[in-house]
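Visitor: Please see the structure below; I have some questions.
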Amino acid sequence: MEPLGGGGWTGHAGAPAPGWTYLLPLLLCAALRSLLASPSSEVNLLDSRTVMGDLGWIAYPKNGWEEIGEVDENYAPIHTYQVCKVMEQNQNNWLLTSWISNEGASRIFIELKFTLRDCNSLPGGLGTCKETFNMYYFESDDEDGRNIKENQYIKIDTIAADESFTELDLGDRVMKLNTEVRDVGPLTKKGFYLAFQDVGACIALVSVRVYYKKCPSVIRNLARFPDTITGADSSQLLEVSGICVDHSVTDEAPKMHCSAEGEWLVPIGKCLCKAGYEEKNNTCQVCRPGFFKASPHSPSCSKCPPHSYTLDEASTSCLCEEHYFRKESDPPTMACTTPSPVSSVKKGKITKNSISLSWQEPDRPNGIILEYEIKYFEKDQEMSYTIIKSKETTITADSLKPGSAYVFQIRARTAAGYGGFSRRFEFETSPVLAASSDQSQIPIIVVSVTVGVILLAVVIGFLLSGRRCGYSKAKQDPEEEKMHFHNGHIKLPGVRTYIDPHTYEDPNQAVHEFAKEIEASCITIERVIGAGEFGEVCSGRLKLQGKRELPVAIKTLKVGYTEKQRRDFLGEASIMGQFDHPNIIHLEGVVTKNKPVMIVTEYMENGSLDTFLKKNDGQFTVIQLVGMLRGIASGMKYLSDMGYVHRDLAARNILINSNLVCKVSDFGLSRVLEDDPEAAYTTRGGKIPIRWTALEAIAFRKFTSASDVWSYGIVMWEVMSYGERPYWEMTNQDVIKAVEEGYRLPSPMDCPAALYQLMLDCWQKDRNSRPKFDEIVSMLDKLIRNPSSLKTLVNASSRVSNLLVEHSPVGSSTYRSVGEWLEAIKMGRYTEIFMENGYSSMDAVAQVTIEDLRRLGVTLVGHQKKIMNSLQEMKVQLVNGMMPL
Ligand code: AMP
């Protein structure tokens with residue numbers, strides 16, 4: 001082979017082939033331009049159509065390939081090369097491009113547009129005519145590598161015409177424009193030459209385009225991915241990291257993959273517009289004044305919530321307007337509000353000259369309360385008022401007139417300013433005992449002297465007695481105790497109210513105000529009877545000097561307690577110690593000076609009522625049960641008169657002694673109800689024993705004596721059903737839903753209608769419609785006095801007919817036989833009798849009535865109940881099984 005000649009090829013070398021013109025009409029050129037527009041993922045390294053001047057290509061031999069100087073519709077030159085030596089033997093015509101830089105691409109593509117004449121259409125020459133040509137390349141770092149030998153070129157492919165391409169009708173001839181694309185790679189040098197070899201065909205090479213492919217710069221998921229040249233390998237995916245756009249932050253590192261075809265694939269991760277910016281059209285736009293975005297994860301800028309504003313762009317939160325506030329813990333989406341007013345104010349100690357008050361921090365104080373402002377004035381004297389400021393939730397208003405009504409209002413101040421004043425609370429100072437104020441000192445002095453003498457005598461007696469068992473505070477006469485233990489102020493009957501131990505700055509002061517200190521040596525612990533929240537509960541004996549020995553229950557505070565646990569533990573004593581009623585558990589005293597710290601109460605032989613009733617199922621007369629209920633109601637009346645709301649009234653918190661006297665207990669200070677296993681957290685965060693609690697207390701913590709009445713109704717139900725669990729195994733959520741929808745527990749078995757009616761009254765939705773405890777006591781008294789009124793029972797059939805849907809939560813089908821069912825409820829002894837009397841299937845058993853049971857010889861009331869209750873449970877779909885009101 002000859003080397004390719006040096007010297008540039010220009011102009012027309014050789015003559016056009018006879019009978020056929022290669023001049024392409026302008027029409028063809030225009031069509032080509034539109035056809036050849038390259039996609040954005042392709043980057044041209046050479047496009048012969050766009051080169052204005054000399055292409056610098058070389059033809060060898062000179063009479064082989066020749067350039068036809070054409071112009072397009074804009075008169076721009078088109079470089080078209082043609083060769084048509086079809087009549088001559090042994091053709092070897094080379095057309096060599098100039099050096100093409102690969103611009104860093106390691107795989108390049110060559111697109112050829114050409115026409116190739118069909119040899120059949122040529123007159124003669126068929127013997128030498130060819131219909132293909134060859135394409136070669138040669139890599140080189142610079143332009144000096146052109147004068148190499150033909151055999152140093154590497155063949156890319158033999159190119160043949162492909163008829164599937166555009167056909168252009170040129171009058172009487174059909175000329176086919178072919179497009180062929182070939183790729184080459186991996187390339188290792190900076191550039192290359194291409195060469196086209198003709199071996200005797202009739203070709204017009206209309207255009208040569210050389211390009212590489214890239215994945216074009218793109219923004220996806222708020223990350224910018226740069227132009228990326230595809231890999232050398234046709235199946236290679238290049239992993240590319242994205243860069244977060246302005247004002248955005250990485251959520252998860254953004255990545256995409258660039259395919260060999262120049263397509264972005266498989267996006268991973270993303271960026272998010274940072275706080276104060278929101279996404280719009282793949283960019284992060286600033287939040288306008290009046291809008292904010294608190295976190296990158298918020299989707300867009302939001303308008304400032306009510307009573308807040310921002311004057312700045314890119315705000316991440318809004319400022320509260322003057323006098324409005326938001327807690328630090330509140331989310332920035334929360335509206336700013338003013339502090340909420342103080343709502344619950346309780347009177348504490350009242351003397352003839354002073355009134356002590358306590359109140360609870362507002363539910364939503366909207367920030368740290370800096371202080372309270374208490375405004376008060378004598379009733380009807382509003383013009384002349386006094387203001388006291390306090391950081392505590394208690395105050396004592398002094399220098400008041402005896403026997404006069406005063407009006408109090410309280411408001412809280414936070415950093416946002418003052419909240420609204422509470423409603424007016426009216427309290428009255430104690431009247432003076434003596435007829436005239438001048439003489440009023442005399443009886444007090446007399447009383448004081450008398451008390452002083454008594455106290456002295458007691459102290460001397462105590463010292464002389466060698467300090468044996470006894471209270472460390474000598475308190476003999478209850479009246480005297482009251483006088484002395486309320487700072488010397490005479491406390492009149494009727495004004496006694498419960499004082500929340502929380503109102504004492506020092507809880508130890510409260511416990512010693514209301515509970516007697518007992519010498520530990522006076523107590524003998526005998527055995528453990530239960531487990532309390534703070535430690536074991538034991539039974540034992542208390543022997544105080546000069547008194548007979550008493551059986552007592554001793555609650556202990558476990559070792560390793562915290563100061564708060566000690567305070568809460570003794571808090572119960574501070575509460576209990578204020579009560580004195582036969583149906584309230586009686587506090588004997590406390591041991592605080594020795595360890596373990598103890599609370600000593602009267603001993604209740606039968607323990608808690610729910611367990612006791614379950615143990616003695618069906619064993620009591622209705623009158624006995626009503627007697628228990630009467631006791632509980634009486635204790636509750638006393639508590640409500642004292643202004644004490646129990647909040648956890650339930651049979652488990654009633655203790656019963658050997659005389660079946662029931663007493664209310666469980667006065668935990670950490671109410672609500674950390675220690676009650678029945679208490680569940682509500683959506684509002686508090687812990688509430690749902691099944692025992694009135695709707696309004698569950699919904700918005702409206703705990704009142706009226707909500708205690710609701711709980712009392714549940715206790716009635718527990719008692720009359722011998723410790724059955726209210727609402728059985730329904731979930732708390734279902735209980736709330738059913739009760740809200742108006743359903744109520746059905747009557748317990750054999751329950752006097754009057755008692756069930758009373759229960760329903762206690763469960764009135766409107767709390768004001770519920771009976772008061774004194775009315776309940778009177779009603780029960782009436783029933784006890786007139787036992788025949790208890791004879792009318794809730795009709796068993798009406799009970800059942802009130803059940804809306806009959807379906808079994810346990811499912812009669814879950815018992816395969818009558819025997820299995822009776823065994824499961826521990827009534828297996830009756831299996832034979834049931835079978836003998838035709839109750840051999842669960843379907844038959846479902847029809848059993850209490851009369852049937854009696855006829856079968858099931859005479860024990862407890863057993864009758866057990867069987868009927870089990871049948872009831874199987875029949876009743878629990879939610880719908882309750883009574884709709
Ligand atoms: P408490 O911590 O009050 O719930 O008491 C736990 C358990 O100890 C109760 O359920 C009773 O079984 C028992 N208990 C508490 N106080 C007494 C008492 N005064 N007399 C008898 N048993 C009591």
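Glycine is no exception: its Cβ is also placed from the backbone N, Cα and C atoms.
The shown structure was predicted, so the numbers you read here are calculated from the model rather than taken from an experiment.
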Visitor: Please state which member of Lys555, Lys564, Lys593 TrEMBL lists alongside Ile529, Gly530, Ala531, Gly532, Glu533, Phe534, Gly535, Glu536, Val537 for binding ATP.
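Guide: Candidate in the recorded ATP site: Lys555.
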Visitor: Using the record from TrEMBL, pick out the residue from Cys84, Cys129 that is joined to Cys119 by a disulfide.
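Guide: Here TrEMBL pairs Cys119 with Cys129 via a disulfide bond.
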Visitor: When you check TrEMBL, which of Cys84, Cys320, Cys336 turns out to share a disulphide bond with Cys202?
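Guide: Checking TrEMBL: disulfide partner of Cys202 resolves to Cys84.
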Visitor: Taking every protein chain in this structure into account, which of the recorded positions Glu533, Asp648 has the most other Cβ atoms within 10 Å of its Cβ?
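Guide: Within the set of recorded positions, the most crowded position is Asp648.
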Visitor: Take every residue in the domain 'Eph LBD' (42-220), average their pLDDT values, and give the whole-number result.
Guide: 84
Visitor: Could you check which of the recorded positions Cys129, Ile529, Val537, Asp648 have their CB within less than 6 A of ligand 1?
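Guide: What lies within reach of ligand 1, judged by Cβ under 6 Å, is Ile529, Val537.
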Visitor: Please report the distance from the Cα of Val537 (ATP binding site) to the Cα of Asp648 (active site, proton acceptor), rounded to the nearest angstrom.
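Guide: Cα-Cα distance, Val537 (ATP binding site) to Asp648 (active site, proton acceptor): 19 Å.
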Visitor: Which one of the recorded positions (Cys202, Ile529, Ala531) has its C-beta surrounded by the most other C-beta atoms within 10 angstroms?
Guide: Cys202
Visitor: If I take the Cα of Cys119 (disulfide bond) as reference, which of the recorded positions Ala531, Gly535, Asp648 has the closest Cα?
Guide: Asp648
Visitor: Please classify the secondary structure at Ile529 (ATP binding site) using three-state DSSP.
Guide: strand
Visitor: Near Cys129 (disulfide bond), how many other Cβ atoms are within 10 Å of its Cβ?
Guide: 20
